[in-house]
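These features come from TrEMBL:
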type	residues	note
DOMAIN	169-264	domain 'FecR protein'
DOMAIN	305-373	domain 'Protein FecR C-terminal'
TRANSMEM	75-92	transmembrane segment
Amino acid sequence: MTEDQTKYAKELLNRYNAGNCTPEEKIRIDAWFNAYVNTIADVEHSENMELIGQEIWAKLPATEVSVKRKLWPRFAAAAAVILVLFSLFKLYEPNLPQKQPLVQNKKEQITPGTYGATLTLANGKQIRLSQLKNGVFAEEAGVKITKTAKGELVYEVKDEADNTLKTNTLSTAKGETFKVELPDGSSVWLNAASSLTYTTNLATAEIRKVKLNGEAYFKVAHDSGHPFVVTTRGHDIKVLGTEFNVSSYENDDEEITTLVQGKISMNTNREKVILAPGEKGTVRNGNIEKAAANIEAATGWKNNEFVFASQDIRYIMKLIARWYDVNITYEGEIPSEKISGSISRFADIHSVLTILQATGTVKIKTAGNRVVVSAIQ
């Protein structure tokens, strides 16, 4: 597929997603989608993506084939277009055909992640928030802790609240995500396998300091007199009021902070870097590398999507492992080809793996709670 054909496909799909395409274009996209969904189930264990393209052409309605052949003589050979197509339909449309995924060698119940977390209070008591009824359930140093009707955690500072230092930790397991409104009014979205530690006197503290392990999106309440500091294993982030994403997992070789709005300062033992909106800072061995950021890719998880921007299969599988709580193993020399696109995080894991295998970069199979990724021989 040529670059112009790929560009045309993306533009057409974007118009469809925005509701701006013509009736003829809608029919065209529906035909592409239906043909592809049918094909990935029928062309089992295919290593030849051109074969899938031929199968798609064979299944297109007669009135559409001539149009398709004129525009796209080799339709399904591009992995990026496949992922863009599934990005459009989000994979959870109720009317999609229920096909057996290519990669599902043995039927196992592996569900997508869900909304949930554990709150550890200052006295060590642990509370499973997903099992908790809505309403006030605890009070620490005059600060009421509430679970709202939306399932979120909110800290409400009372007039008689004191400055007693009480530390809380909000943690998510693999396959969990949660949102909390901190005592100072800042909001934090916590991604899977992450933890956030903070004090209940955050609203009155000289420095509003929290500690993150894992990944979180911060929307910090502005307070020029009281800086907000996020501490990770390798660096500190100092802000006054802004929105940014921090990814700092212990098993990752690097930490990435992406600035959406405002201005932040990144600090390590070696250097200090100021980020502007649309920039990211990557920390490796105490050094900070500043570069342009893909905001959608960095924050897609907050909007319940996997968003890939020229990333390899190992990176993508790492995200899948955290969200679906599965173990990933590799066989053979895994290629480093880059994949772009987006997939709903609420999609069934077998649907997600089917799509990734259909890119033609690797073979994928499941065995219980294990996902095996192997090179194509």
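Including glycine, each Cβ sits where the backbone N, Cα and C put it.
Note: TrEMBL annotation is automatic and uncurated.
In the predicted model, the domain 'FecR protein' (169-264) shows an average pLDDT of 95. Remark: secondary structure over the domain 'Protein FecR C-terminal' (305-373) totals 22 helix, 28 strand, 19 coil, with classes taken from DSSP. For the domain 'FecR protein' (169-264), the number of residues in each DSSP class (helix H, G, I; strand E, B; coil) is 0 helix, 52 strand, 44 coil.
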